[in-house]
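**Student:** Here it is, the structure in full.
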Amino acid sequence: MNASVEGDTFSGSMQIPGGTTVLVELAPDIHICGLCKQHFSNLDAFVAHKQSGCQLTTTPVTAPSTVQFVAEETEPATQTTTTTISSETQTITVSAPEFVFEHGYQTYLPTESTDNQTATVISLPTKSRTKKPTAPPAQKRLGCCYPGCQFKTAYGMKDMERHLKIHTGDKPHKCEVCGKCFSRKDKLKTHMRCHTGVKPYKCKTCDYAAADSSSLNKHLRIHSDERPFKCQICPYASRNSSQLTVHLRSHTASVLENDVQKPAGLPAEESDAQQAPAVTLSLEAKERTATLGERTFNCRYPGCHFKTVHGMKDLDRHLRIHTGDKPHKCEFCDKCFSRKDNLTMHMRCHTSVKPHKCHLCDYAAVDSSSLKKHLRIHSDERPYKCQLCPYASRNSSQLTVHLRSHTGDTPFQCWLCSAKFKISSDLKRHMIVHSGEKPFKCEFCDVRCTMKANLKSHIRIKHTFKCLHCAFQGRDRADLLEHSRLHQADHPEKCPECSYSCSNPAALRVHSRVHCTDRPFKCDFCSFDTKRPSSLAKHIDKVHREGAKTENRAPPGKDGPGESGPHHVPNVSTQRAFGCDKCGASFVRDDSLRCHRKQHSDWGENKNSNLVTFPSEGIATGQLGPLVSVGQLESTLEPSHDL
């Protein structure tokens, strides 16, 4: 069969074994749109129509199809038939050699063989023939019909229908496990991986695995240190767009409107190439970002200075501190949290999952921030510096506790006595004294202690430094070594005053002080004097412990830290501007007041009578440092970069 293509029809000839030449002219397939019912004989026009979206129009009336058989033969034709059929008719029967046409293709069933050559011209469409419609332009984009929405798509009505579910709130796809609903089926499939634990997308560099490809792409930027999202106002760059969106809120609205524009003086191609990796802000996004940059959300509770530019969600999370709302509850220990991410971190305590591991040792942490703090131990990095003394710490919480040494803030107070502490762990240990509980038991004897430190001291004194030859027990290794010399056979060093002998000249010099009347080591608090510095240190520790702490004195025989020493902690004189409205306690720093208020919410209102209030002014006595402003003590605990 020789076929040629001319326009939208196909013609050709076929030699039938009976000697009859059949000329066949067929119309191409007609494609019908399933939404608007338009007919297309051109496949390219049909594809362009589906991609650009279709408009619901009235389906044109289909004209009846006409099939005409024209016989051209050398001898008189036996029969010439002209048949008019409707578009619903698909079966054709002729008296000449019979042809059955199915779906635009032809077959022939000869009924008889003859020598006469007959040429039959057949013109038959496979479907209803209509006027060829004009294909919509391929560049046509559908716009959202909701006012104020600038969404446009060139991917047809299905994509537009998915977008309209955002406005209508339609979420037909529901999770069978947790009941969460989604507007798109692919979102539901990705969500189901949270329940099944399937993470098909794995990192080739480390053990990271993700449930979707976008999370893996974000993770790969950590290894490559790629930061494609750049701020057009400052040198800031981030690995994902959400971080850049949050960063843009820190800029004011005026800076956004003036600086986010395309740089002047650059060609169009060069300017577009320069802005390619950055986030392109639409007019609506600029207005929304400018509004967020202008508006600051303040806490409405009196005395709270919390401010945020990150929207109402951030403010709602903060308000839970005041309201005490903790909607997220642990299933194992019934502990409640105000934020879901805190509950997720807490759950790792029960599951023992520690995904963040140190590459220098065997340490593993449940969160990345704990791992960063641990890595500073290896690098000995101390970015948090005190502005009043040379003290530096590895994390902000240590610096916060250290600043209370300057200010004298003790926000953690005992409800049963007047004891006050700088950190909560000290208060917890103190409360065991009132309860009479002794949870720490010695494994060598029946002694029980209220604190773990007391148990360690007991084991060190009673069960560690024992003499192998007698029942002697020393407090430390030095006592045991000194005693062990008594069991040695050779004592070359002998005292000229008595029968004392030893093997060490230094021990003999110490012994010689027994015979002399000079007592050079004297106590500053009483008339006690001694010949040995260790005896004076024991005396001060037992009798004058509180007085030594008040005056910040070093043990006798050791040089105390100078004014510029790393352990020098001067007190400061400043007004206690942050006062508690429930018990009258006042503090220098706001964080101390927050810790104090948390005690009220934890213990209840019926225990406020036992609170010990602070004086309204600064420390009256013992001022060792200069006058310090409150602003200097309220400085944010940001790491210092001048290490």
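Cβ atoms are placed via backbone N, Cα and C, with glycine included.
A quick note: this is a predicted structure, and the numbers were derived from the prediction, not measured.
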**Student:** Which one of these stretches, 21-43, 412-434, shows up in Swiss-Prot as zinc finger?
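**Tutor:** Of 21-43, 412-434, Swiss-Prot gives zinc finger for 412-434.
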**Student:** Among the residue ranges 258-280, 465-487, I'd like the one that Swiss-Prot describes as zinc finger.
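**Tutor:** Spelled out, Swiss-Prot records zinc finger over residues 465-487, not the other listed ranges.
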**Student:** Here's one to test understanding: among the binding-site residues Cys495, Cys498, His515, whose C-alpha is closest in space to the C-alpha of Cys526 (Zn(2+) 2 binding site)?
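**Tutor:** Nearest by Cα distance to Cys526 (Zn(2+) 2 binding site): His515.
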**Student:** Examine the zinc finger (578-600) against the zinc finger (297-322) and state whether at least 3 Cβ pairs sit under 8 A, considering only residue pairs 6 or more apart.
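**Tutor:** Since 3 or more Cβ pairs under 8 Å link them, the zinc finger (578-600) and the zinc finger (297-322) do come into contact.
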**Student:** On the 0 to 100 scale, where does the mean pLDDT of the zinc finger (328-350) fall?
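**Tutor:** Mean pLDDT for the zinc finger (328-350): 87.
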**Student:** With DSSP as the yardstick, break the zinc finger (328-350) down into helix, strand and coil residue counts.
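**Tutor:** So the zinc finger (328-350) is made up of 11 helix, 4 strand, 8 coil.
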**Student:** By the count of other Cβ atoms within 10 Å, pick out the sparsest of the binding-site residues Cys523, Cys526.
**Tutor:** Cys526
**Student:** Per DSSP, to which secondary structure element type does Cys526 (Zn(2+) 2 binding site) belong, with helix, strand and coil as the options?
**Tutor:** coil
